[in-house]
Structure formats: C-alpha cells, structure tokens
Amino acid sequence: MSKKPVMLMILDGFGISPNKEGNAVAAANKPNYDRLFNKYPHTELQASGLEVGLPEGQMGNSEVGHLNIGAGRIIYQELTRITKEIKEGTFFTNKALVKAMDEAKENNTSLHLMGLLSNGGVHSHIDHLKGLLELAKKKGLQKVYVHAFMDGRDVAPSSGKEFIVELENAMKEIGVGEIATISGRYYAMDRDNRWERVELAYNAMVLGEGEKASSAVEAIEKSYHDNKTDEFVLPTVIEEDGHPVSRIKDGDSVIFFNFRPDRAREITRAIVDPEFKGFERKQLHVNFVCMTQYDKTLECVDVAYRPENYTNTLGEYVASKGLNQLRIAETEKYAHVTFFFNGGVEQPNTNEDRALIASPKVATYDLKPEMSAYEVTDELIKRLDEDKYDMIILNFANPDMVGHTGVQEAAVKAIEAVDECLGKVADKVLEKEGTLFITADHGNAEVMIDYSTGKPMTAHTSDPVPFLWISKDAEGKSLKDGGKLADIAPTMLTVMGLEVPSEMTGTCLLNK
C-alpha cells in the first residue's frame, strides 16, 4: 500500500520582500511555485528576532531556523544566552573561561582570543569578545592577543575595518589586548575539508607565517586595495619591530569565542586534535576553550556553554510513534536537516534514514547556481517511490548559498533551478496522496543589494518566509497568519493525525 508521506521542503534563504529591486526571488521565473502558491493555502512566518529566540531585530540563520522548526518551540539561541549572561554578570564566573584565564596567569603564559570579528550574530558577536577582554582585565592578565577572523558575509562585505577600529578602541578603553593576526573567514572558518585554506590561517596564528602588516588596519586596507573583501583577507601576521606580536605556543590558553559549531570545528581540530590528518603540523599542547560544544568527539577542550537538551523534537517524537522518516540535503545543508533539526543531537532517531548528496566542488556557488538540486531531487523521487516514509525533511541550499555570493543573476538562476525541482517533488507527493509543506529557514536571496550603498548584499535578512500547505485535503482551506517557525512541527503532526507533545509550545497553523 502506498504511504501518504508528509513532507517539509525548506528553501534555504528564500524570504519574502515587497521591494522588487535587487530581489532575486521576485525576479526569478518560478512557474511551479507560483502555481502552487495560487492554488493552495499559504501564509508568512517570522524567522528572525525574538520569534526564533534571537535578540530583537537580529536576522535569522540556517542553524537557528532548523533548530526552531525541528523543536516546535522557540529555542533561545547561544547568542541570546551569552549576551544575557554578560549583562547579568554570570558570564564573568563561567568555570571554563575563568579556568583558562587563571591558568594563563599562574603559568605566566599568553591568552589568545580567536573568532569572527563582527556583530553579525550568526557565528559570534563582538560584544562577547569585549566581555572576554573585560574578564581578562579583571583577572589581571597582560599578555592577551586577539586572532580576528574577518566576516563580510553575515555583515557588509567591507565592514571589517570598522570592526577592527571598534575592537582597538575597546581594548584601549578596557586596558588589555592586542591584535596578533587577521584572517578572512574563507580560510579560518572553512567547513568543507579544504585544508589548504585552513592551513594558511593556522600558520599565521601558530607559526607567525603568512602576509605581514604593522597593524590590523593596515592589513585590511591592503586587502581592500587588492580587491579582497573581508571574507577573503589572506591570513596576515601583525608585526612589531619585525617580529609577530604573538603566536599560539605550548602552554598558552586559547578561547574560541564563536558559538556556532559548524565553521569552528576544522580550525579547532587543527590546533588541538592529536589524530589530526588535514595537513602536516606539530602537535600543540594548549588549554583550549570552545564557547559552545563544537563536536562531542573533541575530548581535549573545555566548553564554556554546554548544549541544552530538548526532548520530543519533531524527529524524536515521530520516531517514538514507530514511524519512518527521511532527511535529505546536499553537503552544505546536511548538518541542518540532521544535527540542528534534531536539537543538536548527532545520533539519528530510530527509523530515521539520511541521504547526503555531495555539494559541487567550486570556489563560489555563483559558478554553479543549480548546485546539486537536481541530484537531490532525483534521489528524493526514488525514495518516494519506495513508499517507505511517513515524514520527509528536505532542504534546497541554493537560494542561501548562492545568495551569499552577492551575484544577483546567479541567485535568480539558483531559484529557477529550485523551482524546477520543487514542481517535480510537489507532483510526486500529490501523486502519492501525501502532503507537502514548503517554507524557508530565513531570508537572503530576496535582498541582493544593500539599499543604502547600492553594493551587493551577501548577508541574511529579517524578512518573513513563506509557508504553503499543498495537499488534496488543503484545497479551499486556509492557514493562520502571524505564525513563526516553531509552529511548523505542530502543524505537521496535526496533519499526520498525531497529538502534539506538551514540550512543543508552537501552535498549529491550520484554520479549523
């Protein structure tokens, strides 16, 4: 007998904006999406700020989006949690942070603070770095060095100089800290095992090798002069009198202040993992603190903020009812439909199958805007024909990953490719008498230019996202307005005929 699958399709980075200028979502020719939008119930969901557990006005991101969708409740993000603790003062008694600083003081070694220097709030926040500098000052440390990873992706592409100036002013005011290296996140925060990139960032921080400059401002200005925006700043060692200001040495304490794990793992492993094979390097012995748990298997680090456990996430609850589920995405978003969707748990649920389709190996995705969407679709259709799954979670990475390049024509092509795939998937789900929900985790591709400067915009947005309910049963019905990402899971469970568990505080969006 054919199963009637309930499927959630997440169009990563596909937001809704009334402004047509620089809007790749509006500019794209998307007959399938438009046809479904006009025929079936739809509404808009909030995917940013307080509605997803972020500070007010903070744009959403993929990790936060998938956590909220999978949990069926608002998940207070690490950003909000850490910022709140700094304000309330508990940050300054955090065991792991205090221990790292005490050890540096007792052993008369250096403290290194490494991480993404911006207020983007996706991977890190400059205010958390300032909090660490204040704690170092309170502890009476003098040898405190910052290894700044330049952003230009979650914030404007050439805003790095302003953040360097802001950091230098803060260090002056607090009375501690010097910038030792700067590296574009393209090198320091790779997540695709491109070790030749990571090695350059590592060499700057640990060996004092790489580009040279006499100040961080000089380094970033040179990068701009060479037409390299923040993300692509070559790892640069800041020198005083011809010697590196500092480098990470045995016995030093290191605090990595990024709170998002996926782009923090590789450089962390390069520094601390005794089994590391990415490139040739000598084993360092440092006191290393990760702001959050980057990877359970990293045993040689301390963690400042351990993960909170969420019970009865959508996947866990569906598994507890003896149902089969599938998660499918290409490499770039695979962690999002598995680890993040399951509330930060690596282990698959019982009867949870996973399909990983390799992302194309290109330098930037504007060179291949269709990415692996067609391959993902082919695999999904094959799986649907097996009639095995009660619930399917699918992510199309294109609008987000191509949106991040800032190239509007490519983003338009990305959305057109996804539309083609979306049409095939919708037809197949309807043929199986199933239900398809279409949504996004946050906005991106609907704003491809910075309206204030006219330059390309590479960051996420705070725009709402669509939510479509596609099924034979949905025709002529309607969805509630004013929803948020956390309302998706209760809605899906209702359609599946399951009771919504009490832990899910989201609301079902079906109008009775």
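Yeah, the Cβs are placed from backbone N, Cα and C, and that goes for glycine too.
A helical conformation is recorded for SER62 (active site, phosphoserine intermediate) in the three-state DSSP classification. For SER62 (active site, phosphoserine intermediate), other Cβ atoms within 10 Å of its Cβ number 28. The active site, phosphoserine intermediate feature in Swiss-Prot is assigned to SER62.
There are 28 other Cβ atoms within 10 Å of the Cβ belonging to HIS442 (Mn(2+) 2 binding site). Under the three-state DSSP scheme, HIS442 (Mn(2+) 2 binding site) falls in the coil class. Taken from Swiss-Prot, the feature Mn(2+) 2 binding site applies to ASP12, SER62, ASP441, HIS442, supported by sequence analysis.
Taken from Swiss-Prot, the feature substrate binding site covers HIS123, ARG153, ASP154, ARG185, ARG191, ARG260, PRO261, ASP262, ARG263, LYS333, and the record attributes it to sequence analysis. ASP154 (substrate binding site) has a Cβ environment of 21 other Cβ atoms inside 10 Å.
Positions annotated as Mn(2+) 1 binding site by Swiss-Prot: ASP400, HIS404, HIS460. DSSP assigns HIS460 (Mn(2+) 1 binding site) to coil in the three-state reduction, placing it in neither a helix nor a strand. Just so you know, the Cβ of HIS460 (Mn(2+) 1 binding site) picks up 31 other Cβ atoms within 10 Å once every protein chain is counted.
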Which entry in the list of binding-site residues, HIS123, HIS404, has its Cβ near the fewest other Cβ atoms, using 10 Å as the limit?
HIS404
To the nearest whole angstrom, what is the C-alpha distance linking ASP154 (substrate binding site) and HIS442 (Mn(2+) 2 binding site)?
13
Taking the Cβ of ASP400 (Mn(2+) 1 binding site) as the centre, how many other Cβ atoms fall within a 10 Å radius?
31
Comparing the binding-site residues ASP12, ASP441, which residue's C-beta has the most other C-beta atoms within 10 angstroms in this structure?
ASP441
May I have the list of same-chain residues other than ASP400, HIS404, HIS460 whose Cβ is within 8 Å of the Cβ centroid of the recorded Mn(2+) 1 site, in sequence order?
ASP12, GLY13, ASN61, SER62, ARG153, PRO399, MET401, GLY403, HIS442, ASN444, ALA445, THR458, ALA459
